[in-house]
Amino acid sequence: MDTAGKVIKCKAAVLWGTNQPFSIEDIEVAPPKAKEVRVKILATGICGTDDHVIKGTMVSKFPVIVGHEAVGIVESVGEEVTTVRPGDKVIPLFLPQCRECNPCRNPEGNLCIRSDLTGRGVLADGTTRFTCKGKPVQHFMNTSTFTEYTVLDESSVAKIDAEAPPEKACLIGCGFSTGYGAAVKTAKVSPGSTCAVFGLGGVGLSVVMGCKAAGASRIIGIDINKDKFQKALDVGATECINPRDFTKPISEVLSDMTGNTVQYTFEVIGRLETMVDALSSCHMNYGTSVVVGAPPSAKMLSYDPMLLFTGRTWKGCVFGGWKSRDDVPKLVTEFLEKKFDLGQLITHTLPFHNISEGFELLYSGQSIRTVLTF
């Protein structure tokens, strides 16, 4: 492309501090350096993790460009890039896969050491490619997709099928893959089992879809927003409950409902209290509980160790346990083969400049997933 090797001026949604609104700014995006890729974003989803930065519950430096769930087209590549080329359709990866570190080389690992889940805010060489009003702007989780153009390390880019529709396939960059994988890959839900899913947002519904795909016979959705129940039933939940409708602890409610046979529970909210509730709700001898929701930074969890001593398994899950560069293209292929329907998760599609409206839909509970298009 004729922009290769040049600074690109474009629009981006910049956060200048916590609890501040997005500001649509003119920014400059530098050319990619060695082993880097510059991508033109086509569509990007709004995820609750982005809101953690706004609220200050996830550590970040400012100013920053958040967003991490997207599909784009490679505009140009730096030296030594071998896996993608200009014109390729790609998904940015908030969880990279360098294929060299211990977690990448271990068949059970996926948390690459190049991951930036702690707010470092720069690329692998320690610098940023974004500038706004003469100031450097931080990257977010190796991605930064709330911008017309972004720069990523090659290890944070997965080439996908050119036929994949960006406004749907972008969900594979985070929300869908995280939830679906939590059920089929991390928990390894068994056929005929009973599952309980705490939180019925986009990721929680993806967990429900994964439980159904794995053959669970009973899938109980749990949320304080009853407006989400019908969508949960549509994607595979067998019943839904609101904890506020009961005076008993939710673990006792689930035990009464199922005869104490809940084998798998999933916390998809990111609240410390519900993490313990989910653990308490699975069977004490053979139950597995998976933490899927991103926890708040610098918070400590307190729980009764007897919950684990009696035989429960407590697991964490980042990006559904998938190895990103290897598995994302496969998930896109499965989507194109209609093995799952991403359209069920999308409630709103808005132009990028309406990003603030998209977050208001999230806050009000009206949206499952809002996708921004460019």
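Positions of Cβ are set from backbone N, Cα and C atoms, glycine also.
Residues annotated as N-acetylmethionine in Swiss-Prot, with a curator's inference given as evidence: M1.
Taking a C-beta cut-off of under 8 Å and a sequence gap of six or more, C47 (Zn(2+) 1 binding site) has these contacts in its own chain: H68, E69, C174, G175, G202, V203. When secondary structure is read from DSSP and collapsed to three states, C47 (Zn(2+) 1 binding site) falls in the coil class. What Swiss-Prot records for C47, H68, C174 is Zn(2+) 1 binding site.
In the three-state DSSP classification, C101 (Zn(2+) 2 binding site) falls within coil. Using a 10 Å Cβ-Cβ cutoff, C101 (Zn(2+) 2 binding site) registers 17 neighbours. Under the heading Zn(2+) 2 binding site, Swiss-Prot lists C98, C101, C104, C112.
Taken from Swiss-Prot, the feature NAD(+) binding site applies to G199, L200, G201, G202, V203, G204, D223, K228, V292, G293, A294, R369, supported by similarity to another entry. All protein chains shown were included, and the count of other CB atoms within 10 Å of the CB of V203 (NAD(+) binding site) stands at 32.
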Among G199, G201, the one of these binding-site residues whose Cβ has the fewest neighbouring Cβ atoms within 10 Å: G201
Taking the center of the Cβ atoms of C47, H68, C174 at the recorded Zn(2+) 1 site, which other residues in this chain have a Cβ no more than 8 Å from that point? G45, T49, D50, G67, E69, F94, M141, T143, G173, G175
Cβ within 8 Å of the Zn(2+) 2 site centroid (C98, C101, C104, C112 excluded): which residues? P96, Q97, R99, E100, N102, P103, R105, I113, R114, S155
So how many other Cβ atoms are close to V292 (NAD(+) binding site), meaning within 10 Å of its Cβ? 30
